[in-house]
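Have a look at the structure below before the remarks.
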Amino acid sequence: MYVVESKGGAIACMLLALFFLGTWPAVMTLLERRGRLPQHTYLDYSITNLLAAVIIAFTFGEIGKSTHEAPNFSTQLSQLSDNWPSVMFAMAGGVVLSLGNLSTQYAWAFVGLSVTEVITASITVVIGTTLNYFLDDKINNAKILFPGVGCFLIAVCLASAVHSSNADDNRAKLSCLPSDDKHRSVAADTTQSGEAFPVKERKAKFGTADFLVELENRRAIKVFGKSTLIGLAITFFAGLCFSLFSPAFNLASNDQWHTLKKGVPNLVVYTAFFWFSVSCFVLAIILNVTFLYHPVLDLPRSSLKAYINDWNGRGWALLAGLLCGFGNGLQFMGGQAAGYAAADAVQALPLVSTFWGILLFGEYRKSSRRTYVFLASMLLMFIVAVAVLMASAGHRK
């Protein structure tokens with residue numbers, strides 16, 4: 001199997017993972033804003049997310065000669081009766097990641113792409129990185145690592161300030177519209193079949209009250225009149241889930257709690273990632289099929305037949321799954337070499353998500369100066385945080 005051995009190679013994996021993991025949420029948000037049901041999108045996403053793990057396992061996991069200490073993926077896959085405790089840790093990590101990803105899909109509509117990613121990523125680092133530091137036998141430089149964690153904690157506070165300030169800006173914009181305009185239909189901007197992708201171009205400019213109304217009428221999850229506390233609660237729950245998946249994967253691949261019998265090799269990163277992705281896939285299918293028939297947050301009821309026939313935006317959803325799958329795989333490959341605490345630097349993915357949010361969705365256009373100050377401060381803190389976490393990288397013996 002292929003093993004990332006150098007610190008430089010580990011950092012390269014982290015940077016590529018950072019781009020992938022910051023881009024897939026933007027793709028999912030794009031589909032929701034164009035009216036595609038999140039249940040349909042997530043089912044498509046789940047398929048290619050698992051496919052990415054299979055591709056990584058049968059390529060990187062099969063390179064080179066298999067040995068007892070470092071078996072190839074296919075060899076270790078047949079040893080389930082010996083390494084099942086580590087497999088359980090890997091699958092537990094996949095379960096909490098699936099719950100976190102599913103939660104953020106709904107939080108994006110309420111809180112926005114940028115703020116959701118900032119809060120979840122910061123909680124992940126504050127809790128997850130601390131756990132990984134001790135699980136990795138403190139191979140990362142604590143004097144560098146924990147100031148980086150502190151930067152992420154500050155970023156949570158700044159993200160909350162951005163969200164509050166931007167919500168005030170939006171309320172001020174909408175207050176200038178007649179009440180009838182806030183509920184007007186935008187059917188003229190979409191196709192008669194109700195497709196997720198309108199044929200005509202958007203008429204309203206980013207950041208205007210008209211744009212906010214058009215977005216509300218077009219999107220799948222309606223947020224007008226609902227408390228933003230719903231979105232924040234979902235976001236914090238997602239953050240707690242995300243903070244546990246990396247430590248669980250760490251336990252699966254390094255067996256710090258000595259659950260394996262003497263002489264049984266640890267799970268290689270590719271085997272752990274495969275089982276991790278399998279559990280993530282199974283839970284996602286169960287929950288989203290349930291949500292088809294019993295939707296949440298006032299979404300319309302759907303069915304398996306409607307999902308199968310919904311091809312609008314399916315290619316984008318499949319792409320999102322590949323991006324997330326390869327991003328997670330690269331994160332774990334880098335973490336196995338440089339320490340999972342340092343690999344949590346990929347949680348600076350809001351830098352990428354915010355870029356896409358502003359470019360594609362017009363987030364924070366025509367906002368107040370106060371919002372821009374908070375936004376700039378938040379992004380600056382993230383730049384500092386990712387640099388500090390990467391500087392703390394150690395080397396696993």
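In case you wondered, yes, glycine gets a Cβ from its N, Cα and C as well.
TrEMBL labels come from automatic prediction, so no person has curated them.
Annotation comment: TrEMBL describes 6-31, 43-63, 83-100, 107-132, 144-163, 228-249, 269-294, 315-334, 340-361, 373-393 as transmembrane segment.
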Please work out which recorded stretch in 83-100, 107-132, 228-249, 269-294, 373-393 has the most C-beta pairs separated by under 8 angstroms from the transmembrane segment (43-63)? 269-294
Under a Cβ pair cut-off of under 8 Å, which of the recorded stretches 269-294, 315-334, 373-393 contacts the transmembrane segment (6-31) most often? 315-334
Might you confirm whether the transmembrane segment (144-163) is in contact with the transmembrane segment (83-100), defined here as three or more C-beta pairs under 8 A between residues 6 or more apart in sequence? no
Under a criterion of three or more Cβ pairs within a distance under 8 Å and sequence separation of at least 6, are the transmembrane segment (228-249) and the transmembrane segment (107-132) in contact? yes
In the same chain, residues at least 6 away from the ends of the transmembrane segment (107-132) whose Cβ sits under 8 Å of its Cβ atoms read 22, 25-26, 28-29, 32, 100, 145, 148-149, 152-153, 155-156, 158-160, 162-163, 166, 219-221, 223, 226, 228, 230-232, 234-236, 238-240, 242-247, 250, 335, 339-341, 344, 347-350, 353-354, 356-358, 361, 363-364, 375, 378, 382, 385, 389
Spatial neighbours of the transmembrane segment (144-163) not adjacent in sequence (6+ beyond its ends, CB under 8 Å) are 111-112, 114-115, 118-119, 121-123, 125-126, 129-130, 133, 228, 232, 341-342, 345, 347, 371, 374-375, 377-378, 381-382, 384-389, 391-392
